[in-house]
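Feature annotations, courtesy of Swiss-Prot:
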REGION    1-23  region 'Disordered'
SITE      43  site 'Transition state stabilizer'
SITE      50  site 'Transition state stabilizer'
SITE      189  site 'Positions MEP for the nucleophilic attack'
SITE      248  site 'Positions MEP for the nucleophilic attack'
């Protein structure tokens, strides 16, 4: 990715008439997907980086890149890798013929370091402040297109958003008491969600949050949303509906579940899916007419 990819002036957004039912709003800013594939999970097989493990006949990292490559609204993809597997990922990108992958860069020891490396690269490339940045864990290979679209749409109203899935379990907040954990509080279940990715931001927002976090050597966030929540508390973070299938492959025990999801996806009939989407749109339109 070079500076010329992002140096086109962007007009100040103005209020436009609502688009027709089912139509997407006109896109005037870059939409950049950052696929984080730099982790070497200690809970996985240390000799086989999980990003390169095949699921459903395809490396996990390729599933994630595919999701953004096939989204018409995503303009560019940045892949962040561990230097040890850079060659393999570069080969895969070439073999798969991805047209939106602009650059593959080295990540850091922690997830936060990999995101920071991507943000630094984008700043150097001259990306505009209002660009939409979607940061996604490569090891969540089955992200739905609806989650990607929802993330992009959410940034029309907010400067930060995260895909999340409503918790079906009661969540306990704990504290230490002696050698044990004890329950401190029990939040209402309707207010609890499991964070997923992509996590999406206007570039200026996530860049500013990371600049503030960089001054705190003790801060080690597990995701990018928390950087905004902790360092820009006045910036609301919107929730975009996720799915149970958008799982994060963390251990070898997750592979059988991932294989079942991949088998279901590969077995879908595209014509039947298109027909189902059309029926859903017609039903939605009919419902609005009768309100």
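Heads up, the Cβ atoms here are built off N, Cα and C, so glycines get one too.
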Coarse DSSP state, helix versus strand versus coil, of residue 189 (site 'Positions MEP for the nucleophilic attack'): helix
Neighbour tally for residue 50 (site 'Transition state stabilizer'), based on other Cβ positions within 10 Å of its Cβ: 26
